[in-house]
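Asker: Here it is, the structure in full.
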Amino acid sequence: AATCAVLLLAFAATFALSPVPPHSLPRAHWSVVPATVDLTAGGIIRLLDYAGTAVFAHAGALQAGKRGMDALGCVIVGCVTALGGGSARGVFVGEPGGVFWACEPIYLRIAVVAAAVTFAAWPFIDGKIVNR
């Protein structure tokens, strides 16, 4: 339950950190958050993909925290855990445009926020979940 709360907080914080719109561009060009929730099959898959990114970042940050890393170490390990597999796949397959998170930075934002929230909640997580 605590892990779910941490992940939901990280996911919500990621969307709260969306950039402020420049007034010269229409909404479609500046926002990473859709104007409405897309409940089509593609939208649900995208939402599950975002949630999976947050879960992997959380797992990486948990392992880094267990080994005594500081905040930067937890965020780096969380991001490598969340984004590393897809990045390696993109390089091996030869996808145009490089790694996927460079083309869609929302994945990097989700990973950074999820790992940072996990680090910030580490005293609670360590006492309640890890050391049972």
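Residue 1 is the first one shown; counting continues down the chain.
The backbone N, Cα and C atoms fix where each Cβ goes, and this holds for glycine too.
As annotated in TrEMBL:
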DOMAIN    47-122  domain 'Glycine transporter'
SIGNAL    1-16  signal peptide
TRANSMEM  40-59  transmembrane segment
TRANSMEM  71-94  transmembrane segment
TRANSMEM  106-125  transmembrane segment
Asker: If you average the pLDDT over the domain 'Glycine transporter' (47-122), what number do you get?
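Answerer: Overall, the domain 'Glycine transporter' (47-122) comes to a mean pLDDT of 91.
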Asker: Using DSSP, how many residues in the domain 'Glycine transporter' (47-122) fall into helix, strand and coil?
Answerer: 63 helix, 0 strand, 13 coil
